[in-house]
Amino acid sequence: MATMVPTEFDTIAAISTPPGEGAISIVRLSGEDAVKIANKVFKGKNLEKVPTHTINYGHIVNPKTNEELDEVMVSVMLAPRTFTREDVIEINCHGGIVPTNQILQLLLSNGARLAEPGEFTKRAFLHGRIDLTQAESVMDLIRAKTDRSMKVALNQLDGNLSHLIRNLRQDILDVLAQVEVNIDYPEYDDVETLTTKMLREKAIEVKKSIQQLLTTAKQGKVLREGLATAIVGRPNVGKSSLLNHLLHEDKAIVTDIAGTTRDVIEEYVNVRGVPLKLIDTAGIRETEDKVERIGVERSRKAIEQADLVMLVLNASEELTDEDKELIQATSGKKRIVILNKTDLPQKLNMDEVRELVPEDELITTSVLKKTGVDKLEEKIAELFFGGIENSQSTIMVTNARHIALLNQAEDSLDAVLQGLDSGMPVDLCQIDMTNAWDELGEITGDSYQDELLTQLFSQFCLGK
């Protein structure tokens, strides 16, 4: 279904700031009657007569009782130069649950409707202010875990990904139009050969662009969702100390008693621009303790699901069978092997370790003395962003929906090429080319289903 701007919208209202105590809260209105409704409850200048994009001092009052609720500043922004392209009012009131909710309820009782999650952004999309990739980047920006992920989200919000996708769609549309002309009005005997050549070249060209975009998907997913990182090792080798160092706070219990971490602890941390979802696992060993055994089993699952494994070994002890089992169990994963406790007399046989672990995976540290941890952080950044240090200026694919649609478009282009290779008539190959055009259009929202909008914007917070 193509994008259509609805002819009528009611006026919506919501609190746009997080709930709780704070210096200031913002209550937002959007719609044809936004100014009229706000004016009913505002004591100060007549908001229906003030210039657009002005901030106006006054009080919110209950029109029925004339009771003052709060001293406020009201921003008046008239269509179309607003986020939603509707008239927008933003009431800056004192923070706190009670005054903010009282103002919201007053607006609702005077003609506004409580906005659904993401409805302001949805209206911006439906009015053509932004496309779907830009709408999704709004939430990415809110949820950004590092400076780098924030810059990538801003890049997408600026429309850089949209521009690239639309250029690819235009390339497809141009060749489809030319193919149609050649089929309907052939002027040369070899028109079929020329048309086939044209279709093939464009399918290859667009497919190559899609493949280049998909090469950024892995790093993009890391920036958007965080890198699932399991910290593993046998009990009491320093896993929890490492977690606490990376977090810069004590989240895990650190003692000299083996087996004190009996569950899986998850935390997000920014390491040199890489958002890590750190998982501190219970030490893996044979145990009779029922609770600890459950933690050990969860640890094994965490290793399977992790994008990166940090395997911690104790450099002050000899390599044990449990260490060797963990080295073997994690050998197929992207891995950093950390030789910890180097501040103590070393008993670890390095020749034995190097036989089992490649040299470039090894890092020596003393988390207690804070030595070697900088090299660990450098290693993490090098592993995942060595080739894209300037990722903030790169068009990246960070969204699973976009990745799926790009893969579908690539499959459609493969079908075009396979059809041409097998001698299929050009007009039938056009169908798959058109499918690729549609699938790319779903990324930007140039074509969409209503169910998609409902599902997508329901993930937003109220007031956005």
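Backbone N, Cα and C atoms are what each Cβ position is placed from, and that goes for glycine too.
The feature (6S)-5-formyl-5,6,7,8-tetrahydrofolate binding site is assigned by Swiss-Prot to R28, E90, R129, K464. The domain 'TrmE-type G' feature in Swiss-Prot is assigned to 226-385. Residues or ranges marked as K(+) binding site by Swiss-Prot: N236, T255, I257, T260. The GTP binding site annotation in Swiss-Prot covers 236-241, 255-261, 280-283. Among the features that Swiss-Prot reports, Mg(2+) binding site is placed at S240, T261, with the record citing sequence analysis.
Feature map: annotations from Swiss-Prot on the structure.
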residue	record	DSSP (3 states)
R28	(6S)-5-formyl-5,6,7,8-tetrahydrofolate binding site	strand
E90	(6S)-5-formyl-5,6,7,8-tetrahydrofolate binding site	strand
R129	(6S)-5-formyl-5,6,7,8-tetrahydrofolate binding site	coil
N236	K(+) binding site	coil
K464	(6S)-5-formyl-5,6,7,8-tetrahydrofolate binding site	coil
Cα separation, R129 ((6S)-5-formyl-5,6,7,8-tetrahydrofolate binding site) to N236 (K(+) binding site) (Å, whole number): 56
Cβ neighbours of K239 (GTP binding site) where a neighbour is any other Cβ within 10 Å: 29
Cβ-based isolation winner (fewest other Cβ atoms within 10 Å) among the binding-site residues N236, S240: N236
Span of R28, E90, R129, K464 around (6S)-5-formyl-5,6,7,8-tetrahydrofolate - largest C-alpha separation, Å: 19
S240 (Mg(2+) binding site) and K464 ((6S)-5-formyl-5,6,7,8-tetrahydrofolate binding site), Cα-Cα, nearest whole angstrom: 38
Euclidean distance between Cα atoms of R28 ((6S)-5-formyl-5,6,7,8-tetrahydrofolate binding site) and S240 (Mg(2+) binding site), Å: 44
Other CB atoms, at most 10 A from the CB of E90 ((6S)-5-formyl-5,6,7,8-tetrahydrofolate binding site): 19
For the binding-site residues R28, R129, K464, the one whose C-beta sees the most other C-beta atoms within 10 angstroms: R28
Distance [Cα-Cα, Å, rounded] between R28 ((6S)-5-formyl-5,6,7,8-tetrahydrofolate binding site) and K239 (GTP binding site): 46
Rounded Cα-Cα span from K239 (GTP binding site) to E90 ((6S)-5-formyl-5,6,7,8-tetrahydrofolate binding site), Å: 48
Nearest-integer angstrom distance between the alpha carbons (Cα) of R129 ((6S)-5-formyl-5,6,7,8-tetrahydrofolate binding site) and K239 (GTP binding site): 49
